[in-house]
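Chemist: Okay, here's the structure, questions in a sec.
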Amino acid sequence: MEDFVRQCFNPMIVELAEKAMKEYGENPKIETNKFAAICTHLEVCFMYSDFHFIDERGESIIVESGDPNALLKHRFEIIEGRDRTMAWTVVNSICNTTGVEKPKFLPDLYDYKENRFIEIGVTRREVHIYYLEKANKIKSEKTHIHIFSFTGEEMATKADYTLDEESRARIKTRLFTIRQEMASRGLWDSFVSPREAKRQLKKDLKSQEPCAGLPTKVSHRTSPALKTLEPMWMDSNRTAALRASFLKCQKK
């Protein structure tokens, strides 16, 4: 599973996931299912915010150009992917500026158009069950919840899905593709079932060819959202080294 994750996701997402796990004392090489889940969640958060801006009239617009108009403002503030100290600094700044209620738990995004924090969920189970778990944990009507599944289902607070249908379809397609890639390599069952995961871990530890037989379909285009985060945690030399290592692995 670890090798699959490194092949399937953008190297910068993988690096962020590793940093997040190590911050909590977790090992990506051992807790590989969690590693995959964190990478998936990060990618969904970045895809959620990609290309969405607010124009000078306060209207939400979609711009896919690499050099948007200077008058445009990013619609979403990305909180997920930052270390806890920086994340809370961002949250406190938003609350002080906008007057919104400070959440008890770190949310994933802030929507400047709707003036609300957003909690993103990606589940391998029924969306309504995971939604209720999130709602019971957060216990706040101020934080908007949006849940996606690997089967194309979604659920959001008051059926308000925030994004346009096409943007949500991109996320659903990506999740479905991840599921299909896992299933084709016998990894999906272990991703869903903890018991199967233990068996798969033993199998993974015996593997001698980390790059063999793994998918190579990964986007080399850096997400606009990732570009805004990159200066905070990675310089250009580290980025180049990661990408060089990734391409070398592909050629084997």
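Backbone N, Cα and C define each Cβ position, glycine as well.
According to Swiss-Prot:
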type: ACT_SITE; residues: Glu80; note: active site
type: ACT_SITE; residues: Asp108; note: active site
type: SITE; residues: Arg195; note: site 'Important for efficient shutoff activity and nuclear localization'
type: SITE; residues: Lys198; note: site 'Important for efficient shutoff activity and nuclear localization'
type: SITE; residues: Arg199; note: site 'Important for efficient shutoff activity and nuclear localization'
type: SITE; residues: Lys202; note: site 'Important for efficient shutoff activity'
type: SITE; residues: Lys203; note: site 'Important for efficient shutoff activity'
type: SITE; residues: Lys206; note: site 'Important for efficient shutoff activity'
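How about a rundown of where these features are and what they're close to?
Modeler: When Cβ atoms from all protein chains are considered, those within 10 Å of Glu80 (active site) total 24, not counting its own.
Long-range Cβ proximity for Asp108 (active site), meaning a same-chain Cβ under 8 A and a gap of 6 or more residues, is found for His41, Cys45, Ile78, Ile79, Glu80, Ile118, Glu119, Ile120.
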Chemist: Three-state secondary structure of Glu80 (active site) from DSSP?
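Modeler: Coil, per DSSP.
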